[in-house]
Amino acid sequence: MNSSSSTSTTDTLHSFMEALLIDQYFLGWIFAFLFGFLLLLNFKRKREKNNSTEFGTDHSNGYYIPENIAGSTDVIIVGAGVAGSALAYTLAKDGRRVHVIERDSTEQDRIVGELLQPGGYLKLIELGLEDCVNEIDAQRVFGYALYMDGKNTRLSYPLEKFHSDVAGRSFHNGRFVQRMREKAASLPNVRMEQGTVTSLVEKKASVKGVQYKTKDGQELSAFAPLTIVCDGCFSNLRRSLCNPKVEVPSCFVGLILENIDLPHINHGHVILADPSPILFYKISSTEIRCLVDLPGQKVPSISNGELANYLKTVVAPQVPKQLYNSFIAAVDKGNIRTMPNRSMPADPHPTPGALLLGDAFNVRHPLTGGGMTVALSDIVLIRDLLRPLCDLHDSSTLCKYLESFYTLRKPVASTINTLAGALYKVFCASPDKARQEMRNACFDYLSLGGICSQGPIALLSGLNPRPISLFLHFFAVAIYGVGRLLIPFPSPKRMWLGARLILGASGIIFPIIKSEGLRQMFFPATVPAYYRAPPIH
């Protein structure tokens, strides 16, 4: 009995101790959970306090601007045209996380940006984007045919040293851009989004990202250590990043001629007409783009038939006879487009966290078709400058470093810009006798062949974009014009006309060089920012 009672007491004690241990086990878990929760809550409060102190609030729009965006986006690109799409693909291929915001992702129908020079095609190859000219019915271009006063001469690109695939390309701009967008979007670290960027997000004079409105009207913000604005010639963001001195020297009137070949196959055609040039080039196997330049900003009315009448009575008689009937048919069809030709030298305000690119940054007259060549050349340069940088978050240091971009781009960009502006002025008809002589001298100089044609066409094509070569050829034309006046008998009247020709030539080129920057254009190595960049191989 006693033994049984002792056993029962012992069992009861063991059961009590086990229950107590189980309760302590659960209590321990409860206390550990509460302790961890309090630690987490305290940590969160401290972090929010630090964020509010460290990040600051932009009271103008009432949102926090994060400084550390690791794990999200490296670069925001505003605009997905030729420049934006090519840049997105290029930076993403180097491992950057890219967010592209484009206003309209549908295929555009434009009358410019349809001719890529051989120099631009070489840059396309360098960026790995050369297949973007495939499957869009792009046409190969090997040079130009120049017409004036019933005469014509053919100027071929100096392509002997290059692979057989290297040539100019002409195409529908919209098709080309869509191929570029598809190529960029194929990379996993590129996020393409349709939206309209309304403003840059700034804090303490540094750009932190953008505010934008999505396709469905939602207003959002995006942040990155570097924002690159390339939203085209009508950019609404450029004013805070550069000094936009925009000029509109003329307007283009665009037509499409169908089912006819140009007199010189695979060549662009430039007619030195009165009052200004007319361009023809194929943009598909069945279509020829015609661009009629009209000086000034005022274009005859389309709605009342004034423009059609002008094209038939003033322009058509100056068109090569092989194209006359097709030109009249295109006018009668009525699909006439117009676009202002803008010119804007690059005049940036170096801004931490932001960079301008493409037509938002620098525009030249489209006569020479050099815009895409400049943009692609700039992208190659930006890629090479950013490659050594693992961290883009030090915005002030990055800004000082990227100042070299504005200097290093000058020799190529300024050569193409200056050539476009100078050629347009030379090619336009003028009542001034000296300007007439300069125009005639230019046509005859290019017709001489050899270095007299290969040198200028190498400049125009972007194959040899050297400022000193441009300067020498331009004044060689002027001196050639003077020589024609003075031989065989230099009368006082002809000597005076020759002097006016030289003064006129100087009056054309020197203001353009001044706007581009004499020192940066011809002596970039003397600019201090030049030395901030590593050597480009």
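Cβ from N, Cα, C; glycine included.
Predicted, not measured: the structure shown is a model, and the values here were computed from it.
What TrEMBL records for 74-104 is domain 'FAD dependent oxidoreductase'. Among residues of the same chain six or more beyond the domain 'FAD dependent oxidoreductase' (74-104), those with a C-beta under 8 A of the stretch's C-beta atoms are 113, 124, 127-129, 173, 176-177, 180-181, 183-184, 187, 189-197, 209-210, 212, 222-232, 237, 357-360, 372, 375-376, 378-380, 382-383, 386-387, 392.
Among the features that TrEMBL reports, domain 'Squalene epoxidase' is placed at 223-496. Looking only at the domain 'Squalene epoxidase' (223-496), the predicted model's pLDDT averages out at 95.
Taken from TrEMBL, the feature transmembrane segment applies to 25-43 (among others).
If you look up TrEMBL, you'll see 470-489 (among others) marked as transmembrane segment.
According to TrEMBL, the transmembrane segment annotation covers 495-513 (among others).
Proximity of distant same-chain residues to the transmembrane segment (495-513), defined by a Cβ-Cβ separation under 8 Å and at least 6 residues beyond the stretch ends, is recorded for 414, 417-418, 421-422, 425-426, 432-435, 437-438, 441, 471, 474-475, 477-479, 481-482, 485-486, 521. Broken down by DSSP into helix, strand and coil, the domain 'FAD dependent oxidoreductase' (74-104) contains 12 helix, 9 strand, 10 coil.
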